[in-house]
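Listed in TrEMBL:
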- C:20-41: transmembrane segment (TRANSMEM)
- C:47-67: transmembrane segment (TRANSMEM)
- C:74-91: transmembrane segment (TRANSMEM)
- C:97-119: transmembrane segment (TRANSMEM)
- C:126-146: transmembrane segment (TRANSMEM)
- C:166-189: transmembrane segment (TRANSMEM)
- C:217-242: transmembrane segment (TRANSMEM)
- C:248-267: transmembrane segment (TRANSMEM)
- C:274-294: transmembrane segment (TRANSMEM)
- C:300-319: transmembrane segment (TRANSMEM)
Amino acid sequence: MKKRIISIIIVVSMIATLVTGCGSGDSTKNATTESTDASEEGFVIGFSNGYWGNTWRAQMVEDFEARCEEYKEDGIIADYMVSNTESDATEQLNQINAMIDAGVDALIIDPVSPTTLTSAVQSALDKGILVVIGSDPAAYEGTYCVCGNDAAFQSILTTWICEKLGGKGNIVSITGEAGVGTDILRQDAAAEILAKYPNIKELASVPGRWSETEAQSVMSTYLSTYDNIDGVLTQDVMAEGILKAFENAGETPSLMTGDTVKSFLTTWSEMDDFDSIGVTYTCGFICTVLDVAVGLLQGEELNESALVANPYDKNLKNTIMLDPTYVVTREGDQDAVWMEGHDLSKAITLDKALEMVADKADTNFLDGWLSREEVAEAYFK
Amino acid sequence: MIKGKKVVSQSFFPSLLLLVIFFAIMGVMNHGLTLSFVKSLILTNTPALCLAIGVTVTILVGGTDISLGSIVSLVNVVIITLAGLGYSITISALIGLLVAVICGVFNGIVIGIMRVNPLLTTFATSTIYAGIALWILPNPGGSIDYAFAKWYMGGLFGFIMTPVMLLILLVFIWAGAIRTPFGLKAYALGCNEKKAYASGINVNGIRVLVHTFAGLTAGVAGICLTATICSGSPTVGATMSLNSIAAAVIGGVSLNGGKGGIFGAILGAGFLSILSSIVVAANFSSYSQSFIKGLILLIGVIASILAGDKVLKDKIKGIFCKGGAKS
Amino acid sequence: MSQAKNNIMIETLKNSYTPAIVGSILLLIFGRVLSKGFLSINNISSILMMTSILTMASIAQAAVIISGDSGLDMSIGAIMSMTALFGPMIVLQSEGASVAVMVIAVIVMGGMVGLINGIGVQFLKVVPLVMTLIMSSVVNGFSIFITKGQPAVSVNDALLGISKQLVGPVRILSAIVIILLVLLEVFFLRKSNYGRSLFLVGNNTNAANLCGINSKWVIIFAYVFAGAIAGLAGLMLVGYAGTAQMNMASSYTMLSVAAVVIGGTKLTGGKGTFIGGALGALVLILIATILQALNMVAGLRSLIQGVILIAILMVNSRAPKLRQ
């Protein structure tokens, strides 16, 4: 009897937490009753984000929410829901199920892993919900995929470093998180390019897991194991950790691929003998994903020629690949060897890039995305 | 009235209450609980429920096991790889199950016979099993026929779902075991190891058996998970180990051993699953979701433990009714 | 009489350190065989720095484990990540003053989390494993909530200066940690009244209570101490790495437990040293660095780390036969 009293008191306090949480969140963000009357009142969009561990992802969610607010003001979107998980495939499934049950019109999913979504996608499609896989690719029949072009991203970086080395030298590679789709695609692209430069030797390749600290530790080990490193091939989010490793070892890096975080760009501009390149894999891609989803919900049709084969399933032509928005080098050369075949990417100088992030926090990534009009023109009929 | 009292005084009562209340909240928020939602919930979370059973069993005898999630990943990888090599699904699944049992036995031997601390052992073995999984399948991929998923989502009479049947099977095995002298000995071991040994109970043997059973549950969980996602992912089970322990504790299982049962753990796991869904459906700002989830979890665990603590209960009883009869 | 006691104490201490010391030497030799640059000053200094941070985490963990009653702190990684994120946000006029305030702030932050842990464990009777595990979830969620995912500020130069070289392979960070380690071991653990009560309580709570020690508060303070030290460790981590990301320190939790056990502390409480934890940390970092230098595939590395850990445990940490 007394036990029951305690339990009830405590459960009531839990509910109180929930209710207060509800209230203290944005007051407009409650699961609304109008959600299922789609076209008149506005759509409800659900966004399930599969990785939450770094600032890139946080910026992406921010960009998404800002764009949703724009749509809300125009009355096109009635409400939106965002959920995040820390690479937990089962939790993502739970979150997607919850969104399906809450009655969303479209689901945008950034998958934890490209292969774990089958049941969720199936239930969503069964209920007539539009499913768009965003940012990180995955292949499912009946869905659309709007993702960054990882292959283009990595080939620009790899071609740059091979060219700068004059086709000859030793490099070490630091990759992303083993097992994640993006990482696999990038490694394949890098391998393809490296095969074209037979005199470039890759001494080692270790995952840096898109973490500055991990990259720092890996680079430290590299520096003590190899004394003939001519260049470092890496990807986003890790450049500063690598610089730190060099600094701690009392050495200066001469050549490495970098990223587009403001603090790295600042450090780069302060080092005269240092050459690097930053390619944006912009957080803002998610805005384009949202634009495509909204367009489809409004009944627009996609331009057939804009669709290419899905990176995970060559037979499925459901993908819009977004080329890197900006390529940052000191010279900003649009016609360089590494820009070949990537006409939609804009080459900009380091100074211009710094201008663009001048008033942002140090951890901010150089961002930029197509406007709604540009998306409509490029991808829709 | 007496029956009511009996329910309330069970160790799993707090978790039952939590589950019911949160289900109700979910229903209110979404204006009704659809059958498809409940079905998806069960399908997606059966692996977690299996693990809750497995980990409870190891806790009951005074130990613990944080390697079950890695075993699940390993089973998933094994099944997918074998299916990819051309073996039939049934054989792949059975071999996966066997692998899980072997992992359990290894855990049991190191803990039971070599007498290494269970927490550290299973931490080390979880690194080993996860490493093997990542070694066999470095990248997520592979796929198996959707027919496997259909079997999983279908079931007897098209109504009693396969996962439910698998769960019932596990519960039966354990419930059966409890009623034998084995069960009594296991609980005795959990209560006091030295006294149990002095009574002639085969402490080492029980430990090995218990971890083997936990391995079995992880194997079943791995099969269910593979059916849900129909593909392989080497890190798929990573977060499940610690979640299962939280589930067990919420379900009234005492980490000191000797108290609680698997029913509570299942309810606890159910509560955790619906917690994830509720936090999303309630549409909290995404930055506060983890925080709120953590807070609710904290309160849930405290509630369960308070509800089960005799000393505290007696103290509070003493405040409420002087010298009253025990409830 | 006390001279003899001291000798015996030294002997027992030496015994529990020997495996860790021997292991470290063997690993260093193995590393040198593998790669010429392994014993270079740079490599050793980076190994020392990573070990220093793990040592701080294991000091925190050791205090809690010694307090007995299956004490364990699974929230150390989360506290470290939290202070790594929040610490650098404190910006004052002078950078040096900022660092001073940061140090105080992170100790207070970590201490508060530790206090909650301690209260949960002692008053609410939640088992330490679960209490601290759930707190780690709450702390992580809290970090995300406050920073909204974007740690706002860069690390000021004074804090970054801990990576500067002092003498040979020893950097400022390593020097600070070594000094702290010795001070804490001698003055906090061995000589102070609190230290002695901690061991007594860890050994047998009832007996300690009978001796007039308030075991509840001794144990709670152990958690507060652990939280404070973990907070400090987080600040060192961000100073070393130069940036902070969410969950960056999550692996430190279990590593600190492993380090403490390898160093000879018993999980049942009542016995142990901080120095042992430091040695254990050294062994773990050496293993990780060597495996990295071997350029193995990720799965194989995890596998080998697990096997080595099990081997160490089987040699080092077996419970006595029940027959006794």
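Each Cβ is built from the backbone N, Cα and C atoms, and glycine gets one as well.
TrEMBL: automatically predicted annotations, no manual curation.
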Compare C:126-146, C:166-189, C:274-294 by their Cβ pairs under 8 Å to the transmembrane segment (C:47-67) and return the stretch that comes out on top.
C:274-294
Using a cut-off of under 8 Å between C-beta atoms, tell me which stretch among C:74-91, C:166-189, C:248-267, C:300-319 contacts the transmembrane segment (C:217-242) the most.
C:74-91
Are there at least 3 C-beta pairs under 8 angstroms linking the transmembrane segment (C:274-294) and the transmembrane segment (C:20-41), leaving out pairs fewer than 6 apart in sequence?
yes
Whether the transmembrane segment (C:74-91) meets the transmembrane segment (C:300-319): three or more C-beta pairs under 8 angstroms:
no
By Cβ distance under 8 Å, which residues at least 6 away from the ends of the transmembrane segment (C:166-189) in the same chain are close to it?
41-42, 44-45, 48-49, 51-53, 55-56, 59, 195, 198, 236, 239-240, 273-275, 278
Spatial neighbours of the transmembrane segment (C:126-146) far in sequence, C-beta under 8 Å, 6+ residues away:
64, 69-75, 77-79, 81-82, 85-86, 113, 116-117, 120, 246-247, 253
